[in-house]
Amino acid sequence: MNTIVLFLTLLILVSSCTSIVMKSSNSKERTYPVTPALNPLTGQHSLRQRQLIFCDECANACFRRKKPVRSCQRFICRCAIRDVGY
């Protein structure tokens with residue numbers, strides 16, 4: 001009986017801390033990593049072509065999360081905080 005009460009108390013504390021962390025992380029800007037698909041021809045692409053491929057994959061990653069692209073510069077992908085909505 002005592003173990004059950006202790007377990008439930010611990011569960012409530014962990015869930016409340018998790019909700020607080022999630023709420024604070026939603027207010028900050030999120031940066032999503034984009035991993036390009038492995039391609040043996042990547043070495044043959046110019047820097048500009050690789051950047052275009054990266055930004056295309058960045059846009060796809062943002063749209064999968066229903067977020068517009070905020071920026072794609074120097075191989076850093078940033079999605080906007082707001083959702084895409086009509």
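Here the Cβ of each residue, glycine as well, is placed from N, Cα and C on the backbone.
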Correct disulfide partner for C77 among C58, C62, C79, by Swiss-Prot, is C58
With C55 as one half of a disulfide in Swiss-Prot, pick the other half from C62, C72. C72
Here the disulfide-bonded residues are C62, C77, C79, and the Cα closest to that of C55 (disulfide bond) is found at C77
Measuring Cα to Cα, tell me the gap between C79 (disulfide bond) and C58 (disulfide bond) in whole angstrom. 8
Inter-residue Cα distance where the pair is C62 (disulfide bond) and C77 (disulfide bond), in Å: 9
